[in-house]
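Participant: Just dropping this structure here.
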Amino acid sequence: MARKTLRARRFFSLIFPFFFITSVYAEQTPVSAKTVTVEAKNETFAPQHPDQYQSWKATSEQSAREDALAEDPRLVILWAGYPFSRDYNKPRGHAYAVTDVRETLRTGAPKTAEDGPLPMACWSCKSPDVARLIQQEGEDGYFHGKWARGGPEIVNDLGCADCHNTASDDFAQGKPAITLSRPYAERAMEAIGKPFDKAGRFDQQSMVCGQCHVEYYFDGKNKAVKFPWDEGMKVENMEQYYDAIAFSDWTNSLSKTPMLKAQHPEYETWSAGIHGKNNVTCIDCHMPKVQNAEGKLYTDHKIGNPFDNFAQTCANCHTQDKASLQKVVAERKQAIHDLKIKVEDQLVHAHFEAKAAWDAGATDAEMKPILNDIRHAQWRWDLAIASHGIHMHAPEEGLRMLGSAMDKAADARTKLARLLATKGITHEIPLPDISTKEKAQKAIGLNMQQINAEKQDFLKTVVPQWEDQARKNGLLSQ
């Protein structure tokens with residue numbers, strides 16, 4: 001009760017929370033021969049921590065798939081030429097981390113360990129097997145090669161050893177023993193002045209989530225995970241960093257713009273919001289203390305919406321009732337959604353207008369400032385919308401980023417109108433029918449029938465081989 005009163009007094013003015021964190025790497029660390037091997041099989045710890053394990057397992061109940069491209073086909077155009085134009089689902093329970101990265105069309109249909117479109121780094125937030133491999137191979141060894149190389153090795157879903165030092169005496173005694181299991185994340189926290197071993201308990205809780213719930217990119221020939229925080233964590237800081245190193249994730253196939261793809265920057269947006277500024281952590285809102293059948297308190301590992309545990313989350317600080325807070329959150333979510341759609345409409349036109357300019361004979365020099373505006377507009381839009389909980393974490397920052405994106409998109413279209421006029425084009429550039437996901441994918445030349453068929457063959461033939469090999473090697477219990 002005393003803790004609740006203290007927290008209520010401390011955070012009385014707060015209204016929203018929803019997610020997590022990040023990092024930045026320097027030299028990669030070699031593997032240590034002295035450390036105990038990471039145990040990646042989550043069920044190993046079920047007898048020792050039964051309540052935590054069963055609640056973690058309950059994330060499998062969060063099974064619904066929401067197709068973001070079907071909901072908003074504009075995204076297909078904005079990501080033309082990038083795997084996200086094939087497939088993009090909203091997030092679901094941690095229990096599906098490995099399943100979803102295998103099944104997404106973005107990872108392709110590799111036949112061999114050296115095949116496929118994506119690097120090993122795409123496993124990095126999916127499994128405690130990642131921590132095990134980094135420990136065994138070192139970071140250079142882990143990151144080397146294609147995504148398919150990790151198939152027989154990375155088989156256990158995101159779980160215990162991702163967040164806890166499961167080999168420690170503290171963990172054996174029932175204490176949290178939270179840790180940063182990804183060395184690149186630990187270095188990143190140090191880079192922004194937050195060394196994990198010197199951080200307070202509340203900061204450490206959010207840092208653990210921030211190993212994955214952050215913006216990142218794949219750096220260098222080895223495609224190692226790096227967080228773009230060298231200049232700071234605001235959208236403009238990261239944009240400046242990426243521009244300085246001339247980095248792009250891909251080139252939009254319509255406009256030929258060198259693009260940036262934001263990932264899931266929950267830590268950055270949470271840090272910018274009222275909850276982050278008042279040290280209300282990811283755990284406070286998404287993993288509250290609850291009671292088991294015997295009345296013992298434990299941390300609920302069924303990570304989810306704070307409103308699902310209102311009495312143990314929001315009500316610890318807020319005096320408003322659940323319905324009142326839900327109404328406020330819904331209004332902010334709608335405001336962000338409305339501006340998001342307006343920005344997307346401008347960007348869709350900009351990509352097709354840029355294509356028309358190229359087709360009309362525009363030069364690289366003429367297009368450079370236009371493409372820069374498109375790049376910056378879409379980056380700011382993407383960083384806002386890729387953080388699915390931004391309406392909870394930092395609604396004001398979300399609207400600010402989207403407003404800035406709208407301005408940049410308008411600048412691009414104004415310059416395009418002037419350039420097109422010099423090429424004798426004064427009429428509006430028509431758009432193809434992109435009213436559905438399927439029509440939008442057809443408009444950018446995707447053969448979805450072939451892509452889906454190849455994926456299904458991969459799931460039927462390659463994935464079972466991975467699992468058989470993992471069982472033979474003792475990496476899977478069943």
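Glycine is treated like the rest: Cβ placed from N, Cα and C.
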Participant: Given that Swiss-Prot lists C282, C285, H286 as binding heme c 4, which residue among H388, H391, H393 does it place in the same site?
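Facilitator: Record check against Swiss-Prot: heme c 4 site with C282, C285, H286, extra candidate from H388, H391, H393 is H393.
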Participant: Swiss-Prot records C209, C212, H213 as heme c 3-binding residues. Which of H94, H144, H318 is assigned to the same site?
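Facilitator: My reading of Swiss-Prot gives H94 as the candidate in that site.
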Participant: What binding-site residues among K126, Y216, C285, C314, H318 are found with a C-alpha within 10 angstroms of that of H94 (heme c 3 binding site)?
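Facilitator: For H94 (heme c 3 binding site), the binding-site residues whose Cα atoms are within 10 Å come to K126.
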Participant: Output the one of C125, C163, C282, C314 that, of all these binding-site residues, has the highest number of other Cβ atoms within 10 Å of its Cβ.
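Facilitator: Answer by Cβ density within 10 Å: C282.
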Participant: Using a Cβ cut-off under 8 Å and a sequence separation of 6 or more, which residues in the same chain sit near K261 (Ca(2+) binding site)?
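Facilitator: W79, Y82, F84, D249, W250, D382 - these are the non-local Cβ neighbours of K261 (Ca(2+) binding site), listed in sequence order.
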Participant: Using C-alpha atoms only, work out the spacing between H301 (heme c 2 binding site) and H286 (heme c 4 binding site) and round it to an integer in Å.
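Facilitator: That separation, Cα to Cα, works out to 8 Å.
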Participant: When a 10 Å sphere is centred on the Cβ of H286 (heme c 4 binding site), how many other Cβ atoms does it contain?
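Facilitator: Its Cβ shell of radius 10 Å holds 23 other Cβ atoms.
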Participant: Taking only C-alpha atoms and a 10 A limit, tell me which of C125, C160, C212, Y216, C282, C285 are near C314 (heme c 5 binding site). These are the binding-site residues.
Facilitator: C285
Participant: Let me know the DSSP-derived helix, strand or coil state of Y216 (Ca(2+) binding site), please.
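Facilitator: SS state of Y216 (Ca(2+) binding site) = coil.
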